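The structure under discussion appears below in the form of structure tokens.
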Amino acid sequence: MLIYDTKLKQKVPFEPLAPKKANIYVCGPTVYDDAHLGHARSAIAFDLLRRTLELSGYEVVLVRNFTDIDDKIINKAFKENKSIQELSSIYIESYTRDLNALNVKKPSLEPKASEYLDAMVSMIETLLEKNIAYKVSNGDIYLDTSKDKDYGSLSVHNSSIEFGRIGLVQEKRLEQDFVLWKSYKGDNDVGFDSPLGKGRPGWHIECSSMVFKTLALANTPYQIDIHAGGVDLLFPHHENEACQTRCAFGVEIAKYWMHNGFVNINNEKMSKSLGNSFFVKDALKNYDGEILRNYLLGVHYRSVLNFNEEDLLVSKKRLDKIYRLKQRVLGSLGNIDLNFKKEILECMQDDLNISKALSVLESMLSSMNEKLDQNPKNKALKGEILANLKFVEELLGIGFKNPTEYFQLGVKESEKQEIEKKIEERKRAKEQKDFIKADSIREELLNHKIALMDTPQGTTWEKLF
């Protein structure tokens, strides 16, 4: 298994800390709003990593957190007259619904920052005892980055550009020093009583503490195998996580770092400041979650994905082909084509090379359709095809529906009943040799994007996109 390590800037063999086990921490959302397509892409990217590792024989523990203590949450909670717990719970539920719709496997653990305050306080106390952290006059506590000789080694940033983002805070020793603890500032703030004084943790210390408490291995130079997240988190978040873990525990937080690329909307980086954020829940109003997943996984996880509906509809044709083949072979699972399994898995074992994997999939679909044309009643062949498609489902998380359900997506139950009535009406018209009426009914349904197919078993229908 090869993965691209952001720190080394190259593909490297994945050699876990424990044989055939993989511990992965994925930075989850700050839950002050609904999930956008960037969140969805990150979740799907590392869901693919997990699936690939599991099918390669690894025992995977994947932890994805919820940041439920943050300035944005506090500000919005006060604005909406809610507690931060109420607000964050709303968006945790929303995020979970969205990812379920996208067929993202549930993480092994989903810690909330608010559940690990003691661990955060303890870690900050360690940094204070080591004289690596310092308190300023308003009670805030910062980490002195000059004490970490490796600071900047992960992101390899340009300090004159990147540190300018952070801004100069009075009494900070260095501009790049970052906050570990924010003291309670009064009525429009949130604070927790602690040995550090009343206050709340900074963003970066939250993730480091959760990694330590949920995944960290003892007596190794690294706490976990893989730390993952969006490339926008590389600096300052992941850089600061790595720094404070080195300083507190004397080890690296992760052996490997993996980052997924941005999502652009019509060639512009998606951001709330530009007003072009695309919420997953809004996309799901127009497209089934499987169709959206199929599109988002179709571009290599490290590349920028330029979201547009034209490309989404083109990518849907791949799903259509899967379900067309599945439609032809409903029955019992047989023996998988071992060459196909090996070939597609090896593609994904090469840093999730999805373009090659999808090419292998397309070849299999074409080949199996040709074989079926020649041997339409061959049960062993049908069983093999179903086994191949089942492996695709397990590896890529697509193709898991019943074909009829898939081809009728987006049609309400009441509408289905009306369509069936029209089909019966058309059947009677044909029996009475009233072919003009029969054709009229077909055209009427087609105008509503419902296509009829006459088969030896009767008339079936599909929803057109």
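In case you wondered, yes, glycine gets a Cβ from its N, Cα and C as well.
Around the Cβ of E241 (Zn(2+) binding site), a 10 Å sphere holds 26 further Cβ atoms from the protein chains shown. Annotation note: E241 (Zn(2+) binding site) sits in a helical segment as assigned by DSSP. Among the features that Swiss-Prot reports, Zn(2+) binding site is placed at C27, C207, H237, E241, with the record citing sequence analysis.
Per Swiss-Prot, motif ''HIGH' region' is recorded for 29-39. Long-range contacts of the motif ''HIGH' region' (29-39) within the same chain, counting only residues at least 6 positions beyond its ends with a Cβ under 8 Å from a Cβ of the stretch, are 66-68, 70, 72-73, 76, 87-88, 91-92, 94-95, 98-99, 203, 230, 232, 262-263, 265, 270, 277-281, 283, 296, 307.
Per-residue pLDDT, averaged over the motif ''KMSKS' region' (269-273), rounds to 67. Annotation source Swiss-Prot lists motif ''KMSKS' region' at 269-273.
As annotated by Swiss-Prot, ATP binding site applies to K272, with the evidence given as sequence analysis.
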*asked:* Give me the sequence-ordered set of same-chain residues, not including C27, C207, H237, E241, with a C-beta within 8 angstroms of the centroid of the Zn(2+) site's C-beta atoms.
replied: W203, H204, E206, S208, H227, G229, L233, H238, N240
*Enter the number of other CB atoms within 10 angstroms of the CB of C207 (Zn(2+) binding site).*
28
_Neighbour count, 10 Å Cβ-Cβ cut-off, for H237 (Zn(2+) binding site): what number do you get?_
19
_As a quick check of your reading of DSSP, tell me how many residues in the motif ''HIGH' region' (29-39) are helical, how many are strand and how many are coil._
3 helix, 2 strand, 6 coil
*Return one of helix, strand or coil for C207 (Zn(2+) binding site), based on DSSP.*
helix
